[in-house]
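Asker: Quick paste from TrEMBL:
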BINDING   Glu30, Arg69, Thr136, Thr137, Gly138, Lys139, Thr140, Ser141  ATP binding site
DOMAIN    25-119  domain 'Clp1 N-terminal'
DOMAIN    133-340  domain 'Clp1 P-loop'
DOMAIN    347-449  domain 'Clp1 C-terminal'
Amino acid sequence: MSIPGLGHLVAPQPTSANQTRTIRLQPFWEWRFQVAFDTQITLKLLSGTAEKDGTELALQHIYTFAGTRSKILTLQGCELKVEGVLAEESVAEYAKPQDSPANSVLNLHFQLTAMRQRAAAERREGPRIAVCGPPTTGKTSLTRTLTSYAARVGAQPLVVNTDPKEGMLSLPGTLSASVVGSLLDVEAVDGWGTTPTSGPSQVPVKLPLVYYYGHVSSEEDPAKYKELVSKMAATVTSRLGQDPEVKGSGMIIDTQAVTETNQVDMENFVHVVEELSVNIIIVLGSPSLNAEITKRFSTERTSLGENYSILLLEKSEGVVERDVGYTQQACEASIKEYFFGSIGQTLSPATQQVDFDSLAIYKLGDYSMYGGGADESLMRVDPAQVMAHWTLAIVYASVKDSPETIRTANVMGYVYIADIDKEKRKLRILAPVSGRLGDRPLLMGKWPEPFINLLG
């Protein structure tokens, strides 16, 4: 199928479970693929160069993917060996590099690199980029690509995720930030990598700063969302000031889906831009949203006195829609990976029995409903059967702390409630390691939902 300006798509025939095949790509072509969550494929780069979301694949190394919707791009041409069953696959062919959507991303990367070099020389802040757009426009993929490209040339950008629907180096339902100056783990469920709580890894682990929001969208509790964004902004701004390399590299921010017609989402996006001192806004796939954002920021300046730069990029035709079912499966896969490890890395979490009285569980209320700041937005609750199969966040706080301190504390890790025996007043919980939880508060929100039974 040929689409004007978008290249030529060639869809290979369906493959069988035992079939091994070779895919040859010309420069700037893409192999797009989808793998179901209950199947796996293996991929090996036989020759040439190739990358996944900006991270280079190693020659002759076997990569394993499950529950993946992504693409492999080659800038110089390559030969791939693929084995396994794919839900869908296609090859995007381009007559010349200028026709490929990767060309505009590379040009953007070169411009950002030049800005970082000037910022480092002048000892000032590098570019602070926010990637935005409507649903299913490839925001996270672009964020990963720009991050990988930056790391490949020696930069150490501070990457921020403000979309609670998906996690970055953490479980969904959180906001997180991490300095990235090394390879991303292309096999990881979130496409970013592992954290120290996930065990040893072939790829350097990241040290994320994580805040628990507990909802799937900022629209569900705008006041709490803004509170956490402000809290995180203060912390990451301090980090920028303390580390010259990170300061010069700037920030790359992945934002949740936003449209010009949703006023709440737009206000939350503006809050992210202002709190994190963004000076470059990349709009994906929506001229109307680009016009609205341009109108909103064209006459304003950043907190550092800079003009806003707003750039519209076309949405890649390879972006695949992620429905509710896929989002739930991806969330389930993230939880499984946290406790049990990834495809090439098996972990052994600890199962233990604990008394009701030994845990302090706090349920997040609707912060916005109580006017932002009332104690009712965080309520201590007794263990109940409805908590079975919930994943709770452990935070760096004490039960003696104020509700505000507990609500905005950094996430230490997670525990999973496998079973509750109300008569014996016992809970069976799953944790990355065994040991007492002490007086650490456990936070329970509305996302991730309890749709998974980890222990059968």
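For all residues, glycine too, the Cβ spot is worked out from N, Cα and C.
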Asker: Mind looking up the mean pLDDT for the domain 'Clp1 P-loop' (133-340) in the predicted model?
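Answerer: It averages 93.
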Asker: Say we define neighbours as other CB atoms within 10 Å of the CB. Which of the binding-site residues Thr136, Thr137, Ser141 has the fewest?
Answerer: Thr136
Asker: Are there residues of the same chain, six or more positions away from Gly138 (ATP binding site), whose CB falls under 8 angstroms from its CB, and which are they?
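Answerer: Result: Leu284, Gly285, Lys315, Ser316, Val319.
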Asker: Can you tell which of Arg69, Lys139 has the least company, meaning the fewest other C-beta atoms within 10 angstroms of its C-beta, among these binding-site residues?
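Answerer: Least crowded of the binding-site residues Arg69, Lys139, by Cβ count within 10 Å, is Arg69.
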Asker: Could you tally the C-beta atoms, other than its own, that fall within 10 angstroms of the C-beta of Thr140 (ATP binding site)?
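Answerer: Result for Thr140 (ATP binding site): 20 neighbouring Cβ atoms inside 10 Å.
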Asker: Give me the DSSP three-state residue breakdown of the domain 'Clp1 N-terminal' (25-119), ordered helix, strand, coil.
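Answerer: Reading the DSSP string over the domain 'Clp1 N-terminal' (25-119) gives 22 helix, 43 strand, 30 coil.
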Asker: Would you list the DSSP helix, strand and coil counts for the residues of the domain 'Clp1 C-terminal' (347-449)?
Answerer: 14 helix, 42 strand, 47 coil
Asker: Ten-angstrom check, please: count other Cβ atoms within 10 Å of the Cβ of Glu30 (ATP binding site), all chains counted.
Answerer: 25
Asker: So the record assigns Glu30, Arg69, Thr136, Thr137, Gly138, Lys139, Thr140, Ser141 to ATP. If I measure every Cα pair among those residues, what is the longest distance in angstrom, as a whole number?
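Answerer: Those residues reach a largest Cα separation of 19 Å.
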